[in-house]
Amino acid sequence: MDLNDLKFIEEQLGRKPNDVEIGMFENLWSEHCSYRSTKKLLSMFGKTVKENQNIVVGPGDDAALIKIDDETDLCVAMAMESHNHPSYIDPYNGAATGVGGIVRDIISMNAKPIALLNALRFGDINGEEKDKVRWLVEGVVDGIRDYGNRIGVPNVGGECEFDKSYDYNNLVNVVCIGLVKEGDIVTGKAKETDLTLILVGSTGRDGIGGASFASKDLTSESEGDRPSVQIGDAFTEKCVIDSTLEACATKKVKAIKDLGAAGITSSCSELCYSGGVGAELYLENVILRDEGMTAYEIMVSESQERMLLAVEKGSEEEIIKIFEKYELPVSIIGKTTDTKRFFVKMNDEVVVDLPLDLLCEATLTDSEEKETILETPDNKENIAEPEPAELNNILLKLLKSPNINSKKWIYEQYDHEVQLNTVVRPGKDASVLRLKEAHPKALALVADCNPTYCKLNPYGGSLNLVCESVRNLATVGAKPIGMLDNLNFGNPEKPERFYQIKKCIEGLADGAEIIGVPVVGGNVSLYNETVIDGKDYPINPTPVISIVGTIENINNIPKGAKEGDILIITAPTKDEMGGTEYYKQIHNTEEGIVPKANLEVEKEIYSKVCELVNNGLINEAVDCSKGGLGVAISKLCMTNNIGVELDLGDYNTNGLRNDILLFSESSGRIILSVDKNNADKVVKELNGAIIGTVKGNELKIKLNDNELINLPIEEMKNKYENAFSEMMGENI
């Protein structure tokens, strides 16, 4: 613990804290738990939630809750977390427990978990660390697969990207959503005194110090922190899910908290402090899985599959019997009080006596910032081949590249069909889940980020990110109702990193406000930075966002492009090549100006595309982002197993070079496939441009009389779908 913090605590207490109390402060005042560096910045998101009548529970609880159907009072619970450091040290258990923790956040609101997403970042899979990267990929995917499949929650989508900035700090961000009726919601606030505190699950030494471990840079000695990584048990988690929801159905449970970072210390203090009450605990009643555990170890253990319940006095036996039926360890460990203090005894010895406001309100840090915008004017003379004559091989190379190729190697290992609600499966721009309780409504989910854009221009890259996510939702006709953010950055004590954090948050907040989607929760993960031989290796700024949207009628989502369809694009392509996959993969550079997003135009485009989809006028829709028009139209062909003929002569009003026309990642573009009879109506509504037709079994692109692309769809699919296995060193 910082000596200034310790001095402040001593002054406030009027005494020196004991070792147990110091351990509690060290964990709760860690960056991971307290957001000391970012709490002031996160207040910028407040403007996005004002006067939104559908937000039932906003930021601050284990999960946000948004009403999605007035007739049934149905609400969607949504939460997002990271498990970055643990997943680098122990990829299997780090990723598995990341899934377990986010699912418990959802059941903490008495919501049934219905879907998972994951956003993964790894190092350069073709670089010097490729063997380590492959090992990490396998471990993380195995952990997510085994845990998610065994608890019966479908993993319906996400993203996976590679960059050398993640060589020493991979990222594992997980999203979970659930459903609950408004009248059945339970929160994490114990607002009454004399409630009985019941702990579900046994406590061991695994994960001790996990919160403080996640709040510092990794070093070459970090392998020694393996004991800080929690160990998960998916079968126990399944029992915890079912039993907790059953206990809540009694209406005797007044508040719940998952035991995550900092264990009992965090869950109990947050549960009581947020409700304005105190807590009195008896540690001898905590069921232990390891002998001889000290009070400190019990208070900060991060053993998995544990829940803390505050229940009505007199209902203890009824609640305990429910958990015993599932053969879960369960015991009464304390009660809520009117003292607003955290009082803990162990075998009649007082081991903790602290004011909750001091424990739960860490002093905030004021970090210095230094402007760090790396984008430069686009100097095409520095590129070896300013205008390549042959584009077929370039398109194939992009389709095979790590950040564009099919991730079926990953998602086909996940059970995305369990619960039988998945309508649009992984591999598309957005995942779609049917709502049996509110048919014909449906939910759509996305998770997105473009770290390269955010490195070059933190503010502009974050604006672009919001727009891309909303366009992805528009492809299935979904209206965005709530946004989560997972802010992954390097060391905030370094001015360049803090500037990136600040500008990315500004960009996300401004983008969300203009588009009209409230930011209802999220997570901050800092210190994703490694020091080796005195040199810093920070990750690229990676503000991953996940947006949930509602679809009014699931029957109108696009069913797929078909022969004879007309292809329409919603916006022009511009000379904006900075940070594009084309520049990175073909020319090994990230220079240039990143694409600029016009938020008002984007809002109009997504609104009109949503309306057209909901009116049943769109057969297929594909967002143009990574890889530009060339990759987007390729995905349309491969997904629908159809050919396309494009003529971009009339569309190329900016007179762009051929490679820029195909691979620029200009914002605002969605490719639509529509019936011939509806084409004029759609073009007029969107002020879009007709660029071609669905025809044959090849992708043919020309510019007036100049043929740019001519490729068989089967050849494209072979490259696109097999590339990931090849990257992992598997023989095809």
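A Cβ is built for glycine as well, from the same backbone N, Cα and C atoms used for every other residue.
Per Swiss-Prot, active site is recorded for H32. All protein chains considered, the CB of H32 (active site) has 27 other CB atoms within 10 Å.
Taken from Swiss-Prot, the feature active site, proton acceptor applies to H83, supported by sequence analysis. Sequence-distant neighbours of H83 (active site, proton acceptor) (same chain, six or more apart, CB under 8 Å from its CB) are G94, A95, T97, G98, G101, V172, V174, listed in sequence order. In the three-state DSSP assignment, the secondary structure recorded for H83 (active site, proton acceptor) is coil.
According to Swiss-Prot, the feature ATP binding site maps to Y35, D485, G522. G522 (ATP binding site) carries a strand DSSP state (E or B). Around the Cβ of G522 (ATP binding site), a 10 Å sphere holds 26 further Cβ atoms from the protein chains shown.
Annotation comment: Swiss-Prot describes E81, N523 as Mg(2+) 1 binding site. Neighbour count (other Cβ atoms within 10 Å of the Cβ, all protein chains): 20 for N523 (Mg(2+) 1 binding site).
If you look up Swiss-Prot, you'll see S82, H83, N84, H85, R104, Q230, E302, S303, Q304, S525 marked as substrate binding site.
All protein chains shown were included, and the count of other CB atoms within 10 Å of the CB of D105 (Mg(2+) 2 binding site) stands at 27. Mapped onto three states, the DSSP output places D105 (Mg(2+) 2 binding site) in helix. The annotation Mg(2+) 2 binding site is assigned in Swiss-Prot to D105, D258 on the grounds of sequence analysis.
Maximum C-alpha to C-alpha distance over the listed ATP-binding residues Y35, D485, G522 is 14 Å. Y35 (ATP binding site) has its Cα within 10 Å of the Cα of these binding-site residues: N523, taken from E81, N84, R104, D258, E302, N523.
The Cβ of E302 (substrate binding site) has 31 neighbouring Cβ atoms from other residues within 10 Å, across all protein chains displayed. The Cα atom of E81 (Mg(2+) 1 binding site) lies nearest to that of D485, taking the recorded positions H32, R104, D258, Q304, D485 as the candidates. Its own atom aside, the Cβ of D485 (ATP binding site) has 29 Cβ atoms within 10 angstroms in the protein chains shown.
Neighbouring residues of the recorded ATP site, listed in sequence order and excluding Y35, D485, G522, comprise T38, L42, F45, L484, N486, L487, G521, N523, V524 (Cβ within 8 Å of the Cβ centroid). Looking only at Cα atoms, H32 (active site) sits nearest to N523 among the binding-site residues N84, D258, D485, N523. Just so you know, the Cβ of S82 (substrate binding site) picks up 27 other Cβ atoms within 10 Å once every protein chain is counted.
For R104 (substrate binding site), the count of additional Cβ atoms within 10 Å of its Cβ stands at 27 [all protein chains shown].
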